[in-house]
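This report concerns only the one structure given below.
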Amino acid sequence: MTKFVFVTGGVVSSIGKGIVAASLGRLLKSRNYSVSILKLDPYINVDPGTMSPFQHGEVFVTDDGAETDLDLGHYERFTDTAMSRLNSVTTGSIYQAVLNKERRGDYMGGTVQVIPHITNEIKDRILRVAKDTNPDVVIIEIGGTVGDIESLPFLEAIRQFRTEVGRQNVLYMHVTLIPWIPSAGEMKTKPTQHSVKELRSIGIQPDILVCRCDRPLYPGIKDKMSQFCDVPVKSVITCQDARSIYEVPLILEREGLAAQVLSLLNLEQRTPDLSEWQSLVEQLYRPKPPVEIAIVGKYVRLTDAYLSVMEALRHAAIAVGCELNLRWINSEDLENNNPEAYLGGVTGVVVPGGFGIRGVDGKIAAIRYAREHQIPFLGLCLGMQCCVIEWARSIAKLTDANSAEFDPQTSNPVINLLPEQQDVEVLGGTMRLGLYPCRLLSNSLAYQLYQETVIYERHRHRYEFNNAYRNLFLDTGFVVSGSSPDGRLVEIIELPEHPFFIATQFHPEFRSRPNVPHPLFKGFVQAARTHSSDRSNGHTPSETPSLSV
């Protein structure tokens with residue numbers, strides 16, 4: 001029988017429920033338990049695919065093409081397990097499903113209500129994850145904060161869930177904040193008491209409290225929490241702020257979280273193997289030579305919009321053995337200013353994905369700067385499309401070249417709409433999404449990094465390289481090193497005369513793991529480290545460095 005752990009949050013939003021859920025997943029997996037993690041988001045959007053990055057942050061894409069919350073990225077990276085569209089549920093998708101059933105007549109003329117129809121649909125989605133993958137434990141994170149009106153149907157559903165599947169199969173974990181008040185010189189438990197009181201008024205009694213704090217809980221705090229929240233002292237878990245999110249599983253292991261979860265769910269206590277994770281964190285904190293990577297993007301005001309890119313760079317830096325310093329650059333700032341003022345001194349440039357014309361000329365300026373100054377470069381999705389435009393204008397002498405997305409009337413649309421997108425009118429969920437194969441050119445940098453002929457990567461785009469210009473580009477030194485198996489879609493481009501210049505139509509960042517860095521990011525960071533070393537020694541790189549994978 002699958003066990004279920006529900007993770008709620010109290011006091012403040014963005015308290016770290018996703019990291020706690022992902023960390024618990026890692027701890028259970030280290031004990032050889034199979035785990036799946038589900039995110040219940042209370043917003044009414046069907047999915048985050050059409051939401052502004054400034055409001056939502058990154059849209060994480062799964063293998064099966066679901067556009068999901070960024071927390072699913074944490075789940076995958078911590079557990080090294082691929083999630084699917086079943087692992088992401090929103091209020092909008094629940095209501096959409098219920099209304100579709102009502103229109104079909106599935107409810108036989110009954111009055112459709114929050115209870116039981118909405119709550120039943122929520123419970124069905126949870127059970128579907130258990131049925132699909134048959135894990136030992138399903139961890140369910142409920143988005144938002146206890147007390148939010150949007151979360152009430154989810155909380156009611158998980159209250160009912162315990163009765164329906166058996167009390168011995170369900171555990172409630174509440175992540176809360178214990179703030180330090182400097183003027184009083186003490187930690188305050190009252191916000192947590194009120195949060196737990198709110199949960200109990202709904203009918204949910206937490207079994208475990210995970211207490212976020214910026215310092216150790218001093219003696220007596222756990223006893224007080226236990227007394228006022230009706231939770232055993234050993235189930236009051238300290239989760240102190242860490243330098244890196246990857247240390248959190250180790251902190252929670254020391255606090256005995258996994259052992260307590262297994263005890264409450266009547267599961268066998270097994271010895272964890274966290275040696276690889278411990279080594280990862282030790283490498284992360286070890287002093288190393290620095291590399292400074294510029295991320296030139298449109299949404300840098302909210303860096304969570306590029307969360308998987310940041311994490312993939314961190315994974316690579318750990319593997320390569322260097323200290324990662326990120327320089328965030330708003331691409332709009334480069335449109336009317338000298339790129340040298342913003343990019344001078346960096347050892348690598350990343351131009352990530354995005355949509356729309358705003359800031360595109362700044363991205364193109366950054367690409368030109370990296371190309372001309374022999375700085376290691378990595379372009380992702382829109383970053384690749386901007387590389388194509390820059391090459392067309394600067395090298396192929398098509399000065400008016402553009403993407404049909406930015407200028408539908410351009411006489412040289414080097415980037416064009418995918419044929420299957422021509423008649424699409426609805427924006428949500430209609431892009432080229434999910435995992436697709438890509439065939440690599442054998443004598444290319446891409447092949448040198450991947451060491452495979454056919455790779456699989458995740459996509460999220462509507463536009464592609466226009467093959468009408470392919471021969472012109474190839475004649476000017478442009479290399480298409482990766483394409484769809486039928487040769488129609490350009491997936492990877494590179495410049496062999498550059499120390500490291502590669503760009504992809506797909507999003508490699510979604511498949512990077514802390515213990516298995518993505519080969520493109522590892523190669524890029526290694527090239528950035530070489531560039532930094534050469535610059536320190538007064539050398540100018542003139543050829544592609546030898547890259548180990």
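A Cβ is built for glycine as well, from the same backbone N, Cα and C atoms used for every other residue.
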With GLY354, LEU382, GLY383, MET384, GLN385, ARG462 listed by Swiss-Prot as binding L-glutamine, identify the candidate in GLU332, GLU335, GLU340, GLU405 belonging to that site.
GLU405
In Swiss-Prot, the CTP site includes SER13, ASP148, ILE149, GLU150, LYS188, THR189, LYS190, PRO191, THR192, GLN193. Which of LYS101, LYS222, LYS224, LYS234 does it also list there?
LYS224
Please pick, from ASP64, ASP69, ASP71, the residue that Swiss-Prot records in the ATP site together with SER14, ILE15, GLY16, LYS17, GLY18, ILE19.
ASP71
Per-residue pLDDT averaged over the domain 'Glutamine amidotransferase type-1' (292-534) comes to what?
95
Whose Cβ, among the binding-site residues GLY16, GLY18, PRO191, GLY354, has more other Cβ atoms within 10 Å than any of the rest?
GLY18
Let me make sure I understand the structure: which of the binding-site residues listed (LYS17, LYS190) has the fewest other Cβ atoms within 10 A of its Cβ?
LYS190
Where CYS381 (active site, nucleophile) falls in three-state DSSP terms:
coil
In whole Å, note down how far the CA of GLU141 (Mg(2+) binding site) lies from the CA of LYS188 (UTP binding site).
25
Enumerate same-chain residues with a sequence separation of six or more from MET384 (L-glutamine binding site) and a Cβ-Cβ distance below 8 A; give 'none' if the list is empty.
PHE465, ILE492, ILE493, ALA503, THR504, GLN505
Long-range Cβ environment of SER14 (ATP binding site), under 8 Å and at least 6 residues apart:
none
Please name the residue among the recorded positions ILE15, CYS381, LEU382 whose C-beta has the most neighbouring C-beta atoms within 10 angstroms.
LEU382
